[in-house]
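Undergrad: This is the structure I want to talk about, given as structure tokens.
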């Protein structure tokens, strides 16, 4: 024995791998016997050391990692940012999920790596460290759970739980973490049980399929082989692993010298020589051909040389060794072991992290932007995708770094950006080879709140199937859930009202009878307009009506408009009025009165006469908000001031008005009458009882209040026509909105004014007492100044209203005197007496109380009782004659020393009254009056600016203020709504004499999918274009069910009409985009202001020809003077929709249409999809103020902001709009001059191909399914998932992407190769090439699964099994042979031999069998019957008369014979005389073989295209494995 001093002392810990290497070298050097002796000594030494060390494990030995705290904090911060982006709608749910998994996975992995170095540095002799890292007990992942963190877990359904487990077992888990980890532990227990059984069964099947494979012969005589060459990117380690233990299939030459001969087994020395040779001459070295079990020519056994060295002791495998069973167990055993690993880490979510390229130094990065295009990463961040390999330079201060980025990688920085050292600049996309196990997963997104669904125009609104409600997204877009409060009642109103708001009675309830359910999915969706209700009074068409509706199936209406109060959100649009937001003049800004609503009236046919009232608005300062009714009184400025300024103007225009009156009277008469009556029907239906009685009451309305002074009376006759008629008109027009009682609504109004004046107003006497109980009030007393203006005259047409300048009265101030009126049913019992004096809140009847205190007057009529309460004090004067009745007394001036100065600060109105039965007794009522000053500060005209690009036509807008109530007129209220006293009007005028009218139309402009409406007024020469022949009997009709017929659209118009309309340039804008496909153009409608557009004949049912590009820019000015940006560039993202005329008056709606609209009026918006169906929002919605967010804009930035903000637009949270951060995401609901209101909404980003559940406007409750994503998920490479994969490969099941790809490739090869080579060569060679390729591919896949778990299995074990799975071919039906049946499965070698023997071609195709099918297709029926389906197999074998030659192990075990391996092997070997001549034949054949090799290697080009070159042998493309075929 050598001296100790010379022994090498190797001070290094020894783990399992080192031990394997040591044993392998000992066997090489000393052989088996001596090695076992040495190992025995090592064992004794180990046990001795372990005993003396007495390692024990305590809780103090679990050292936590110091950096864990800030790592977790960092991950939490990233998660928080992620959550925020998701909330803003910047990323979608799947991206959030992926990123979340990767954040926590990366944190967990980093902690795992830190753990090793932490133990090694701080405490190398730590028992935990010693145990787990030596492999003695436990492993790294289990220790990681003790001292690291678990991360994200899966729930029982396999879905990720979003809360990661941050604590480890050393620190202790919180309650929530404990419950979540229990999920994982349960999953681990169940997995272990199930998967262990699976692994065991897999082992059984593997052994079953190869149990008969025994080494029976030294050499099978094959000269085929597989080429191995390190040139194809194979690592040296893999090269060595692949070659050692194999046998060469051909001689190896370097230059002309042979360094290794055929059939020589390869040891480590020979491999080193190969490597040296390759390094010396890398390009001239030939590939090395080795023999594998695939190349063995025997059918049911294997030869020594094809198997190679035995892995146990490094010599060639011995004859009689059962290598099949060893192979099956070698593959099955690691599976059984590895399933046990899942016990602790059960359910932990893992994700693959991508390969990253980092910057080598600080500097500016540059690359060619033409070679990249923008995209989104898997995590939703912006990036650039490389088309080709990209060259990137990073310029630091002194050096230029160059980085190559491979094809299909993602660049995560911008060009010319400054990057820091080690910053991630690119992500290498993982190869999309089939080796990645991916699965398609559905992810459902559920609504997080109640709300109503809204989507952008990118969704096709027609469902995917006719009766379904699923829709596919054609491109990535947002879905929005608009917040609402749900009220579950089916007839609840869509209410935005606060106390004392003006509201339309139609919206009190939506009548359920008219809601039709057309959707098969039971959603109250599409109320198709214009359905016949089948009742006579609601017929769709009356062919005798002079003006008929032309309906083109497309309803265009406008957005809900804005009124003056924040809460007053209801659109105040009746018939054709449009409300526009205005702002006060700068001087009044300090008052902070919010926006006014301007109402525009566009008359019949959209034609405005000169001096027509074009728009008006009601100033909230002149509004009486208190409930009740009363009288308005006013005074004028002195006559001289007024007359002096205006006299000349009147003279010049006098003639003009007269002629104008004659021209237009007849033209407009008939429609106007129709308009009035039609309007009346709609309005009086609700307030029927009151109106029926009030109408006659007002004809005989009597004066209860006192007598006006004499001077007021003289001019009464002159002014009643001029002053009254317009007022009546206005009152009627306004009535629907405010529920005023229409005082002058009488039949005579429709006749001539002159005849009716006497009847209507009667004559007034100072003390007339013939048949009246009280004095009659002088209703129409006018100031004396009016008489001078009388000669100007006021022209009032039935169709349009024009102003003479008389109406610009300069009223100083006016007064409102309060009183209260109650109209009670005749039968009601009164609780107060006539002429009594009551206080405030006195009970009048059972249900009504007084709001004012004062004198009560009761008047009983035929059908009802009127009760009036006059507020104020009552005095009994001594001398009645001295009282001046009806006078207004101004407030007293304050005197400093006067104590009574506080008494009267307001104006008072003095009225003279008399007692009933006495003609002499009078008393005086002194009533408070509210004074309103008139103000000239509001300048409307500036809000309708003249356009800069205007041509020579010049429209002028003038401002007129007038008072909406006559002097001393009783203004009564039934519904106690607000009274408006002053109305400001905008009057249209122009200078050109030849222009007869101005045409107003509404232009709808669609810019970038946002629609805005503008009002356009233009001068026209003649109105003939816009009038239609009244009694034209063409077949114009409504389309009954609102689905336009695609073909017969020609019946809409007669030729003449089309010509007359088409002379004008504008047409209804196209709804077809460039590709002529239907876009999803959804128009947000306010359903209570529908407008019918004209239809112009064309091939397309819902559109006319493309808009005429010659529309001048000046036609498109906004109401607020904002020119729409770049509207002149007509491109695919801009649509200009102009509508030919405005045809909207109430009388155009026939009854059934009106009914339908009333249904819609309770709801706020309507929508149209491609199929022209109107979808309504559900009626069960309440919008509450807290759903709305106000945003006030900085004054300077408003002009810029207007171009960006549009009504109906959706804005994401945190968007920066000109010094303004949006606090909440939502839809712009109201736009004011200095602010806008958002309706809160939550965005959800959805990708292409996602499925949207439900329809537009559908009401979703919290937790309803909103959208379903389908995305690809990489399956984690956990062995528990890996084992099923291995099983699938072995079973050749087409469950996921592996097998179909392979099967598809086999099909391709089966078809292509016979085509190239022809028949009969084709089938033989085609099948062989196909089988060779599929075998290599399968080996790679199985090895990948095991290598991912660190398990090393020698390739030859897998090869033996794959050989059995792929060794059959199926006889094809292409050529009928006499030997085999079509479809019969036979071995490849048998088919070749049969073909040779018969001298005829046999047609067959390669087939991939699974291990189970392969076990049931062997030569032994006893083996098959003992595996599965015993009865079927035995019956079939008996019928066929099969013979079992008992060659395998199993058959012999079953029958109790000697198994043919080991010592029992000798019996089964029969030497054949051919063996001796074998080598001789091979020498002769070699010549032909080398030529064939060139032909047959075509297949490497054919098949290597769809595989990726990776860095190792069995994971490379198939190119290196080139089988050699010799025939």
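Including glycine, each Cβ sits where the backbone N, Cα and C put it.
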Undergrad: Per Swiss-Prot, which one of 220, 386 shares the Zn(2+) site with 296, 303, 306?
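TA: When Swiss-Prot describes the Zn(2+) site, the candidate it includes is 220.
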Undergrad: From the ranges 644-681, 796-833, 834-871, grab the one Swiss-Prot calls region 'Disordered'.
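TA: Of 644-681, 796-833, 834-871, Swiss-Prot gives region 'Disordered' for 644-681.
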Undergrad: Please list residues from the chain of residue 296 (Zn(2+) binding site) whose Cβ is under 8 angstroms from its Cβ, counting only those at least six apart in sequence.
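TA: Residues satisfying the criterion: 220, 222, 302, 303, 306, 307, 1363.
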Undergrad: Indicate whether residue 303 (Zn(2+) binding site) is helix, strand or coil by DSSP.
TA: strand
Undergrad: Determine which residues of this chain, when 220, 296, 303, 306 are set aside, have a Cβ within 8 Å of the centroid of the Zn(2+) site's Cβ atoms, and list them as they appear in the sequence.
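TA: My list of surrounding residues reads 217, 219, 222, 291, 293, 295, 297, 298, 302, 304, 305, 307.
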Undergrad: 220, 303, 306: which of these binding-site residues has the highest Cβ count within 10 Å of its own Cβ?
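TA: Neighbour-count leader: 306.
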